[in-house]
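**Q** Structure incoming, see below.
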Amino acid sequence: FSSLLLMAEDPQAMHGNADASQDPALPDSTAAVPNVAIPLAPPASQEDLEATQRQLDEIRAEIIQTPLVGDKIPFESVACEYDKDTSPEFYNKAIELCQTYDTIRVIRKDGNCFYRAFLVAQIELILSDPDEKARFVSVCKGWKARLLHLGFSEFTTSDFCDTFFEFLDGIVDGGKTWARIYEETFLDDNNANYLIIFLRLMASGYVREKEADYAPFIDGDRTLAEYCVSEIEQMWVDADHLSIAAFVQATGSPIRIEYMDRGAAPGGGWHYEFPEAHEQPFPPRIHLLYRPGHYDVIYRK
């Protein structure tokens, strides 16, 4: 079980080779700190290396103390996090959002927060909407053949797909309640991360299927395939605008993202909807709050 999860974390794993060498249940602590090379800098001493490792361990410990998925709490708690004098833009936006949203569900800040937030909100939705349940299950189950057709490794891909399908079947046929799903799946690193990998594969698969549309937006000298491996398929990597746009198309589930920082939203607005309004099959029913580098689930009044 663990070795398969590691395959998805290895940039080569989903398309061939894998090296299972560490515990996959938690992100590698070094992933949280950029690797910055300083030209002509003297080599670090053993003391410096040990101090750095201690700092990374402290960061990792702080991350894992936060539940993967929190309980719903009043949205007013967001406003309490900001000072109206030192952070007026964030404070005022939080106060404004209080008029529309009444609760928030905080998601762990581990690089998987967008996909995890989406999954939580989507499962809550299908538990109360039989039509949406049927639609979402049908879309997801169609992705196994699409991924294999694109050349993804059958051994690893099938495992992640089948695990996700079994999870959905437990909701459809087993009548699992939210409380049971929350306890057995969303609070368990291994179970939850298997599901996250499947969602990442959907996003990557869609980008690969629509290569002509997405390739012009890949920065640097990377190929589209290299981008998919390093930025979408790799666990603990934040979702960027391109991967979110592709993921929404892959699932057929429109979302609305509220941005605390006007400068972060595409076009400079306070919020953004994926896909854009004229392309939506139905209005967004999943709402996320974006704060620098992080997504949480929010609920309308």
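Glycine too: its Cβ is placed from the backbone N, Cα and C atoms.
What you see is a predicted model, and the numbers here were worked out from it, not measured in a lab.
Not my notes, these are from TrEMBL:
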ACT_SITE  ASP110  active site
ACT_SITE  CYS113  active site, nucleophile
ACT_SITE  HIS294  active site
DOMAIN    102-301  domain 'OTU'
SITE      TYR259  site 'Interacts with free ubiquitin'
SITE      ASP261  site 'Interacts with free ubiquitin'
SITE      TYR290  site 'Interacts with free ubiquitin'
SITE      TYR295  site 'Interacts with free ubiquitin'
**Q** Under 8 Å between C-beta atoms and at least six apart in sequence, can you list the same-chain neighbours of TYR259 (site 'Interacts with free ubiquitin'), or say none if there are none?
**A** ALA265, GLY269, TRP270, HIS271, TYR272, TYR290
**Q** Around HIS294 (active site), which of the listed recorded positions (ASP110, CYS113, ASP261) come within 10 Å, judging by Cα atoms?
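**A** Checking Cα-Cα distances against HIS294 (active site), the recorded positions within 10 Å turn out to be ASP110, CYS113.
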**Q** Taking the domain 'OTU' (102-301) alone, what is its mean pLDDT?
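**A** Summing pLDDT over the domain 'OTU' (102-301) and dividing by its length gives 95.
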**Q** If one measures from the C-alpha of the residue listed as 'active site, nucleophile' to the C-alpha of TYR295 (site 'Interacts with free ubiquitin'), what distance in angstrom results, rounded to a whole number?
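**A** The Cα atom of the residue listed as 'active site, nucleophile' is 6 Å away from the Cα atom of TYR295 (site 'Interacts with free ubiquitin').
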**Q** Using Cα coordinates, what distance in whole Å links ASP261 (site 'Interacts with free ubiquitin') and ASP110 (active site)?
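**A** Each residue's Cα considered, ASP261 (site 'Interacts with free ubiquitin') and ASP110 (active site) end up 20 Å apart.
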**Q** Are there any residues in the same chain, six or more apart in sequence, whose C-beta is under 8 angstroms from the C-beta of TYR295 (site 'Interacts with free ubiquitin'), and if so which?
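**A** Residues satisfying the criterion: ILE107, CYS113, PHE114, ALA117, ALA239, ILE257, LEU288, LEU289.
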**Q** Mind telling me which of the recorded positions ASP110, ASP261 has the densest Cβ neighbourhood, counting other Cβ atoms within 10 Å?
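**A** Most Cβ neighbours within 10 Å: ASP110.
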**Q** When you measure from the Cβ of HIS294 (active site), how many other Cβ atoms are you left with inside 10 Å?
**A** 19
